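Structure first, then comments.
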Amino acid sequence: MKTASLIGITSSTILYASCGLVGYAAFGNEAPGNFLTGFGFYEPFWLVDIGNLFIIIHLVGAYQVYAQPVFSIAESWANTRWPQSKFMTKEYNARIPLVGTWRINMFKLIWRTIYVVLTTLIAMIFPFFNNIVGLIGALTFFPLTVYFPIEMYLVRSKMPKYSLEWIGIRLLVGVCLMVALIGVIASIQ
């Protein structure tokens with residue numbers, strides 16, 4: 001998990017920081033929210049389409065990671081509320097060529113599909129979608145990416161309080177909190 005977190009956070013930081021810094025260096029406060037089409041760059045259309053495809057692939061993966069807690073809470077609540085319902089508990093085996101056999105629960109399939117459709121529709125309604133995504137990203141960065149994983153690590157490793165490593169980790173948490181707060185302020189502004 002440490003290696004995956006390190007690679008994920010490092011690559012995301014390098015990508016987003018380089019886009020943000022280069023955009024600000026080149027355009028200042030007039031940098032567009034969408035680098036692909038914000039400059040009136042629509043040709044060659046296939047290049048813009050490939051860029052948009054990569055953005056969709058990236059967002060689908062991130063969406064799945066960050067939506068899992070919502071799915072888990074709703075599904076565990078529904079299972080405790082209706083434990084005898086076959087709709088909630090029964091799983092069907094579906095053979096998918098070249099992949100294998102997948103177990104499918106109809107409640108999960110329908111609930112998750114409705115959730116994704118509703119959140120997508122809500123996102124499409126907002127004319128200031130980039131600003132909302134920036135604000136939500138700034139709000140969720142610290143607790144989901146920094147605080148909870150580090151707290152889990154500290155509890156699991158049984159690290160002694162006030163040791164050199166514990167102090168270093170707490171300093172890192174403080175720096176990340178400051179970065180997250182600056183991000184929230186910048187998104188609101």
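Numbering starts at 1 and runs along the chain as displayed.
Every residue, even glycine, has its Cβ placed from backbone N, Cα and C.
Heads up, TrEMBL stuff is auto-annotated, nobody curated it.
Per TrEMBL, these features apply:
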DOMAIN    1-188  domain 'Amino acid transporter transmembrane'
TRANSMEM  7-26  transmembrane segment
TRANSMEM  46-66  transmembrane segment
TRANSMEM  109-129  transmembrane segment
TRANSMEM  135-155  transmembrane segment
TRANSMEM  167-188  transmembrane segment
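The stretch with the most CB contacts under 8 Å to the transmembrane segment (135-155), chosen from 7-26, 46-66, 109-129, 167-188, is 167-188.
Through the fold, the transmembrane segment (109-129) approaches residues 63, 67, 70-71, 74-75, 78 of its own chain, all at least 6 residues removed from its boundaries and within a Cβ separation under 8 Å.
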